[in-house]
Amino acid sequence: MRVQSLLRAQSLATSSLRCSARSVARAPSRCALSTIAASRTPYTNGSKTDTWIEGQKIQNQRRWQTTAAKVLEQAKDDPSTLTQEKIVENLDPVEWERLSRVRNIGIAAHIDSGKTTATERVLFYTGRINAIHEVRGKDAVGAKMDSMDLEREKGITIQSAATFCDWVKKNDEGKEEKYHINLIDTPGHIDFTIEVERALRVLDGAVMILCAVSGVQSQTITVDRQMRRYNIPRISFVNKMDRMGANPWKAVEQINQKLRIPAAALQVPIGREDGFLGVVDLVRMKAIYNEGPKGEIIRETDEIPADIVELCKEKRQELIEKLADVDDEIAEIFLDEKEPTIAQIKAAIRRATISLKFTPVMMGSALADKSVQPMLDAVCDYLPNPSEVENMALDKKRAEAPVKLVSYNSLPFVGLAFKLEESSFGQLTYIRVYQGTLRKGMNVFNARSDKKIRIPKIVRMHSNDMEEIPEIGAGEICAVFGVDCASGDTFTDGNLAYTMTSMFVPEPVISLSIKPKHTKDTPNFSKAMSRFTREDPTFRVHTDAESQETIISGMGELHLDIYVERMRREYRVECETGQPQVAYRETMTQRVNFDHTLKKQSGGSGDYARVVGWMEPAESLGENKFEQQISGGTISEKFLFACEKGFMASTAKGPLLGHRVLGTSMVINDGATHAVDSSEMAFKNATQQAFRKAFKAGAPQVLEPLMKTTITAPNEFQGSVVGLLNKRNAVINDTEIGPEDFTVYADCSLNSMFGFSSQLRASTQGKGEFSMEFSHYSPAPPQLQRELVAKYEKEQAAKNA
């Protein structure tokens with residue numbers, strides 16, 4: 001009953017109706033408190049009445065603070081029994097009024113699906129910007145959310161950009177409701193996947209955009225996986241309905257089949273391709289058209305075009321049947337052969353979407369300024385507000401026991417730094433406030449470093465513009481200046497020892513050496529490296545111990561090229577780069593026993609350590625495992641710890657190529673010590689020597705990264721594309737042939753894909769495109785392995801000569 005009341009309150013959104021809905025569960029209702037207070041007042045004098053009402057407000061505030069404190073205790077002591085419904089039920093009515101109208105959303109999709117174009121329309125229709133500008137900066141301005149010159153030149157989003165806007169929508173009774181939307185536009189290219197990861201980590205919902213022609217593409221599948229990782233409810237928006245070959249029903253089917261999430265269309269297009277005019281809302285059975293120079297005027301009518309009336313009835317029935325599969329209330333109505341009301345359908349869509357059982361599918365064309373406003377209405381109707389989303393933390397005072405975060409302003413502050421960015425005013429740290437209030441001038445504590453930090457300035461970001469604010473409440477997103485931290489750090493006000501889990505960070509797959517062309521640029525080069533590694537966890541920098549070269553690592557060629565270009569533009573540092581290097585790995589395939597003794601004596605105390613045991617492949621490639629099975633104390637604990645350090649040092653740089661070792665296990669079950677000559681260093685060195693010998697005797701292998709590659713090109717170039725893949729010994733997993741284009745899905749070794757982009761363009765007259773993402777490590781071909789090992793041994797011999 002409580003959930004129904006909340007949903008009814010959400011959809012009707014008038015304070016009188018919310019009061020009546022909540023009075024079922026609790027009396028007196030929140031909204032009636034001031035009315036009750038006024039009716040009880042014994043005074044007729046105005047000033048005395050005001051004083052009495054003010055006193056009642058203070059009493060009510062204390063009561064809500066007491067309730068909030070009890071909820072906080074339950075969140076710590078027994079989080080599993082604290083439901084989101086109970087959290088909402090005990091919200092201060094003023095807080096409920098604010099939070100119920102907040103939406104934290106991201107826009108994510110495959111590259112070139114129209115994310116930034118759609119975001120530009122959202123900002124225009126909400127009044128956040130006064131004019132629409134297109135991607136690639138064709139009008140010398142460029143889209144608002146692409147603030148970097150590189151983004152506007154290349155027509156791609158490189159960094160996620162945050163903004164906020166207010167959307168006024170009409171409810172079913174025709175009354176206006178204002179919603180506050182915090183919006184993050186994310187990149188589509190796989191090389192910048194960390195930007196999507198950290199955006200989704202702090203958001204409550206998302207709009208997943210699909211191309212009406214291509215449907216579900218490779219990066220769509222990656223985005224879906226990321227949304228599932230963080231339990232993000234999503235609305236699907238089939239964009240580019242005005243393109244030749246647009247087929248929204250194929251996209252809906254692919255969401256169901258490829259992404260394996262129940263989906264149904266909430267709209268039917270009125271016309272397609274050049275004749276796309278608008279959509280029919282299947283919930284309310286109304287035709288919706290965009291009018292005006294930029295589609296800013298919405299015209300609704302009950303007159304549905306005659307040629308699609310039957311299709312609309314059919315698709316509405318499909319929607320109800322799909323909802324009956326995922327929602328009990330609609331299932332009952334469906335089994336009783338009754339027709340659900342509009343309110344029941346909307347409530348069911350909302351329940352199923354928030355519980356991750358369903359995704360509603362909208363349709364439109366952002367570039368043609370059509371059907372973006374109904375998508376905004378759907379964000380407000382079907383995606384959750386912050387109080388409806390479960391967020392967990394770990395309590396360090398209770399052995400990192402899980403605790404639930406409660407989105408009340410009155411509780412102790414907890415926030416997560418999810419993105420760092422350098423600005424002209426210094427380091428900018430983006431923070432999602434999960435609990436409590438963040439105020440200008442307050443002190444916060446970094447849970448990782450235990451450092452106390454004062455917040456000098458709080459701003460709301462609008463791409464690269466900012467608006468200063470004095471404070472920000474639970475459920476909101478902001479940015480602060482002057483905070484020294486790392487991406488993923490948790491902040492509290494010091495009253496709670498909470499820490500939040502950070503976002504998933506994939507491992508880099510490609511490296512190259514880099515140095516400034518001119519020695520005088522070294523200070524700026526170092527500054528750039530320091531800044532980029534702080535901002536981007538997937539961009540790694542290290543110095544090779546032998547060559548003393550600076551090595552940068554990242555997610556792909558484009559990823560590293562962008563940083564090299566940014567150094568030139570932002571720091572005026574011209575760089576020389578070496579050939580890209582693949583991040584190979586090493587492993588062993590057979591068990592090998594070892595009995596190794598390190599013995600050095602040169603007068604005085606020497607070195608002595610004996611280690612006995614075996615090495616073998618670990619259960620999975622994802623781990624290296626050290627284990628001791630010593631009995632009788634033949635090796636003391638401190639020496640065993642030194643053995644483990646020796647093992648970890650050995651896995652960091654393998655014997656074959658000097659790359660990391662994966663999937664290897666070492667067990668030490670015996671050994672010997674000397675009363676004078678044994679030391680921790682001796683046992684560490686002995687373990688490393690034993691590791692090298694055993695590893696080389698255990699049929700070692702070089703592992704190379706395989707990339708999940710997706711190539712799309714016009715049908716007439718299919719033979720050329722397949723030929724390119726065959727030359728690279730790619731394994732073709734699937735091929736989809738459409739009316740005009742085909743798509744090939746293949747596994748390719750990263751080593752073979754250098755320079756593929758230019759060859760693909762040449763073979764397809766510039767019409768082909770491809771994307772890659774890391775799939776898994778696989779044994780390298782024997783010939784390649786021999787070449788790599790021989791090259792490494794030759795380099796080592798030259799260095800030691």
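Just so it is clear, glycine is given a Cβ too, placed from its N, Cα and C backbone atoms.
Taken from Swiss-Prot as is:
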TRANSIT   1-65  transit peptide
DOMAIN    100-387  domain 'tr-type G'
BINDING   109-116, 185-189, 239-242  GTP binding site
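Positions of Swiss-Prot features highlighted on the structure.
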residue	record	contacts (Cβ under 8 Å, 6+ apart)
Ala109	GTP binding site	Lys115, Gly188, Met208, Ile209, Leu210, Gln219, Thr220, Val223
Asp112	GTP binding site	Ile156, Gly188, Cys211, Glu769
Thr186	GTP binding site	Gly106, Ile107, Ala108, Lys115, Thr157, Ser160, Glu195, Val196, Ala199
His189	GTP binding site	Ile111, Ile156, Thr157, Gln219, Leu558, Ser771
Met241	GTP binding site	Ala212, Pro248, Pro269, Arg272, Phe276, Met363, Gly364, Ser365, Ala368, Lys370, Ser371
Cβ atoms near Lys115 (GTP binding site) (within 10 Å, other residues, all chains): 28
Asp112 (GTP binding site) in three-state DSSP notation: coil
